[in-house]
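What follows is one structure encoded as structure tokens, with my remarks underneath.
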Amino acid sequence: MTLSGRIPLGGQVTDLGYAAGWRLVRAMPEAMAQGVFGAGARYAARNGGPEQLRRNLARVVGKPPADVPDDLIRASLASYARYWREAFRLPAMDHGRLGEQLDVIDIDHLWSALDAGRGAVLALPHSGNWDMAGVWLVQNYGPFTTVAERLKPESLYRRFVEYRESLGFEVLPLTGGERPPFEVLAERLTDNRPICLMAERDLTRSGVQVDFFGEATRMPAGPAKLAIETGAALFPVHCWFEGDGWGMRVYPELDTSSGDVTAITQALADRFAANIATYPADWHMLQPQWIADLSDERRARLGT
């Protein structure tokens, strides 16, 4: 059954839930918002927390899922809740002040690439608050371009696009746009602009198979392909939470001179793994990350 003949009930409820979150959480006093999201994280951590989160963190810490410390599960869910609390409140925060407060370690890597007229691909995992990093970049450089998955229903997708556009991001749809996103991203790089791509998960046929914490997964080919095609610098970036603040770092440019997409993506995976191992609680991955965790049907579609 659909609501108004257009949107499935589940999708409508999800969309309305996000709409309420952006409206209500933004209006809450900060202490109240922290209390609400903290309570939600503690509730989610009951009985060992989400099984997929536990399985993912087991790879990071090198232990069986049952031996992943409960403290890490609780810290991970608290970090995830903090991301969403900040996401709901970020549009109303003072972006200029945030741009002055935040400090990005080794940002000169990025500035040097842009000074040389090369453009830059910033590749990130889902860690810390990547939207906050985007706000910093907008305030200290200007708009950049990113890509968003086309969520269902369309109203939910539009809500996320409008949220990120309100922060100063240019957002391209992964599918269904007027032009393929790769084409537009390549143009931005040729124009010596930065692009930011979430880059640790692409469990589709187009993903590049890599070793990640000793096990096979697939990651997007886009960062490597864009750097090869345009000559742009490819930088791994990591975000994490630092007490009540935010940690962000740009790592040295990856060598893309080989033109080997698989080798370059593996180098990116290795950098991500080292960073996630350092800040495991701040890696927000509650979905299957490794091929072994997929259903038989999905593995068959991948040809594995």
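In case you wondered, yes, glycine gets a Cβ from its N, Cα and C as well.
Here is what Swiss-Prot records for this protein:
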type     : residues                       : note
ACT_SITE : His126                         : active site, proton acceptor
ACT_SITE : Glu200                         : active site
BINDING  : His126, Arg164, Ser206, Glu229 : hexadecanoyl-CoA binding site
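Features recorded in Swiss-Prot, as mapped to the structure shown.
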| residue | record | Cβ within 10 Å |
| --- | --- | --- |
| His126 | active site, proton acceptor | 20 |
| Arg164 | hexadecanoyl-CoA binding site | 18 |
| Glu200 | active site | 23 |
| Ser206 | hexadecanoyl-CoA binding site | 9 |
| Glu229 | hexadecanoyl-CoA binding site | 15 |
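Checked against the residue listed as 'active site, proton acceptor', the recorded positions Arg164, Glu200, Ser206, Glu229 differ in C-alpha distance, with Glu200 being the nearest. Cα separation, Glu200 (active site) to Ser206 (hexadecanoyl-CoA binding site), rounded: 13 Å.
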